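Lifted from TrEMBL, the feature list:
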type	residues	note
TRANSMEM	A:7-33	transmembrane segment
TRANSMEM	A:53-75	transmembrane segment
TRANSMEM	A:87-104	transmembrane segment
TRANSMEM	A:110-131	transmembrane segment
TRANSMEM	A:140-158	transmembrane segment
TRANSMEM	A:191-211	transmembrane segment
TRANSMEM	A:240-259	transmembrane segment
TRANSMEM	A:265-286	transmembrane segment
TRANSMEM	A:293-313	transmembrane segment
TRANSMEM	A:319-339	transmembrane segment
Amino acid sequence: MNTLKRIGFALLAPVIAVLIAMLATSIVILASGSDSSAGDFWSVILAKPENRIMVNIINQTSMIYLSAVAAAIGFRMGLFNIGVEGQYTLASYTAATFAGAALLPGAINVFASLVIAMAVGAIWAGIAGILRTTRGVSEVISTIMLNSIAAILVGYLLDQYGEHGGNQVRTKALHASSQVPGWVPFEDRDGAIWTLGLLAVAVGIGFWVLLNKTRFGFDLRATGLSQTAAVASGIKVNRMVLVSMLLSGAVAGLIWMPAYFGSAYTYGTTFQAGLGFTGIAVALLGRNQPVGMIFGAVLFAFLSAQSNSLVFQTDISPSVVQITQGVAVLAVVIAYELVRRYRIRLEQRSVARARTAPAQEVAA
Amino acid sequence: MSAAAADSVSADAVHAPEVRLSGIGKSFPGVIANHDVDVTIRPATVHALIGENGAGKSTLMKILYGVQKPDEGTIEVDGTQHSFRSPTDAIAVGIGMVFQHFMLADNLTALENAVLGAERLHGIGDKARAEFESISSRYGFGLRPDVLVETLGVADRQRLEILKVLYRGAQVIILDEPTAVLVPQEVDALFANLRDLRSHGHSVLFISHKLDEVLAIADDITVMRRGTTVGEADPKTATKRELAELMVGSELPSPETSESTVTDVVQLSLRDLTLTDEAGRDLLSDITLDIHRGEILGIAGVEGNGQAELVETVMGMRRPTAGRIFLGDEDVTTWDTRRLRESGVGYIPEDRHRHGLLLDSPLWENRILGHQTRPPSVKGPWINRSGARKDTRRIVEEYDVRTPGIDTVARALSGGNQQKLIIGREMSGDPVLLIASHPTRGVDVGAQAAIWSHIKRARHDGLAVLLISADLDELIGLSDRIEVILRGRMVGTFDPARVTPQDLGAAMTGGNA
């Protein structure tokens, strides 16, 4: 199978899924009997983003992508870390508290906070990993429960130790010397693209290298593809479970860091919740592939950001795009399976042809 | 137990239909599981279907029970042609099946298990209970309706499974290797139950590869080999030898080894190896054996007598409860699988799909599997893609793996070609010991001959081989020495030059031929 065909197959499923999602959304808008038509909806969504929204899309993409990678590390070895949400919530709070305390100066403070965020995320995920390897507790159950625990814990700690102002609570604000705002591509009022969004680029490259170029990545993929074959090949599955949970949690810890150091400067109402679940959806959409998830993250960020304009230009609720996102994920899972089966049939046919040919030609 | 049944024969008699399978064929990608299969099950008989593993028995049963659809051929029940789309259709005409692995809910009672999914027949109340008790007493099952299934032993569970299909009105009952899980006394009790069923007019299709049992219980015998029915035998006149010959066939290439290459150097040594499961039962007891360089040691035994556990223990996938394992001079008892593999232990697993391959990965990635820490697949912590690809090309060429290329996924290859790839891989990196578990199971005759010659050549070069096989001809032909395993113990050593399959068969079953 040549490269072109390979790429074609890889794109086939997501393209089908997105088309189905667009169709389903249009049907919902039609059925809802709103004054605006599906055409209005798509003309708003597919319009060229305003500068402000463009910046927003890029910033959101970086955080969604980090979240998707965190989920994908687990998914690639058949480990369902549904707890990205809890891991980054707790990590964000802890890192924000540490950074706000300004124990270290300037850039060192930023660096140390990132390490702390990763460590907290890893520890929180590691709890599920240890429960799984020592007690056989399904990581799906434990991570979901840890999500709730993290939310309650952060709420309590923030209330106890945060700064109360009006009816809001937040962590101590970040000192100006540790702020990492970013690059302003348009006007100042359109906002800045956060520098730490580059973390997503680094993590993406790291994930790709890890998966495809390292022994560890091979072991990880092998365990995901067939645990029994992995054991027979000498992989210690329990160790892999623990290490990938820690890695997954560490990446999860970074999710909100670009926003914190870029514009939020404090953990409070500014915290953006829900990215952990978005990441899971994007990981599914991108087939847990480093490159595929970029497209998934851009798509989700684009739809969410553009949907804000719906309020001004139509009477369609912005939450309609969640239907588009949801259907896209569902459709892509089905479409991938269909494409996979079709590919196997094609390969089997080409194998059958090869069997009749002499082996030498085949080897050459 | 059988005496109790005689009195009620006339009252409860059922009239099982005649079931005729003709010209059944079924292929899966890369494998022909069944072709030209003809079987007729006469009413009120026990019909045995025998054949080696991989002969296509299970596929045939799944077709008869509606789990799989045949590609060709017909199923006739009392002269009417049927095409089953699901087990429901099969049950509707009175065909029921008990699978080898029981399908019971442990946390429900026996009665609840019987009723589950068949609530429409007799409700879930007193009528259901009455029906349950009536079946249980009619066939002497002795099952109490309110006992929790988790407290039942294997034999009772099996009876409950049979009761379940009777409850659903089955007249023809398919039993897939029912004796594989039973001890001899339980087998006798099962046979008494089967005779009761027969005397009440039921037919039983009994799948097995244990010849003694088949001769003891069957009225008719059909033999399958390599996916097709190759003959029928009358249990009154047939001998085990005749059946074995039919099962194995005479067309097989002979695996005969040439002159001995056995050296004095011990490569693998097991000392009093014992493995105990969680329940405290011994899976392996005091196994002591040596394999020398250049020697093939064959392990003969009825499947499920500890072969798989032995392999997994030697491979470091299970930790022995007692005893020691030595590889050369080193005590490797506590080594893990990867360390063993790194020190030159090759492994051809019994189930290549589950343990030997990443089916959805390309061949060159499969080349790395099990060799993740050794060149040419890796360089330090990095995967050496070009090295692995180059070496995969070498294996494809040297081992005649028929594939369009090394980027093809393993799943697309036929069983024989998958196995040749595995053998090529496990022979890479100068192994000192090869653990070969059923190396030619489910592969075609051509690949079988090739695999045998690869193993023989490696033996000539000084490789020590632990060979486990259900194919006695393969064992006798390849091995320098044969040990027989029975219930986790080594019960006899044979010289393959002098032993006959009959002698082995007798030792394997712990009785006389």
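We count from 1, first residue shown onward.
Glycine too: its Cβ is placed from the backbone N, Cα and C atoms.
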Can you tell me which parts of the same chain pack against the transmembrane segment (A:87-104), counting only residues 6+ beyond its ends and a CB-CB cutoff under 8 A?
67, 70, 110, 112-114, 116-118, 120-121, 124-125, 146-147, 150-151, 153-154, 157-158, 161, 171-175, 178, 248-249, 252-257, 260-261, 266-267, 271, 273, 275-276
Counting Cβ pairs under 8 Å to the transmembrane segment (A:110-131), which of A:7-33, A:53-75, A:240-259, A:265-286, A:319-339 comes out on top?
A:240-259
Positions on the same chain near the transmembrane segment (A:265-286), where near means CB under 8 A and six or more residues out:
14, 17, 63-72, 75, 82-89, 92-93, 96-97, 100, 147, 158, 162, 168-174, 179, 252, 255-256, 259, 292-297, 299-300, 325-326, 328-329, 332-333
Which residues of the chain, 6 or more past the ends of the transmembrane segment (A:53-75), have a CB below 8 A from one of its CBs?
81, 84, 87-88, 121, 139, 185-186, 190-194, 196-201, 203-204, 207, 220, 224, 244-245, 247-249, 251-252, 254-256, 258-259, 262, 272, 275-276, 278-280, 282-284, 286, 288-290, 293-294, 296-298, 300-302, 304-306, 308-309
Dominant neighbour of the transmembrane segment (A:7-33) in A:191-211, A:240-259, A:293-313, A:319-339, by Cβ pairs under 8 Å:
A:319-339
Near the transmembrane segment (A:319-339), which same-chain residues lie under 8 Å Cβ to Cβ, leaving out any that are not at least 6 residues past its ends?
9, 12-14, 16-18, 20-22, 24-25, 28-29, 41, 45, 281, 284-285, 287, 299-300, 303-304, 306-307, 310
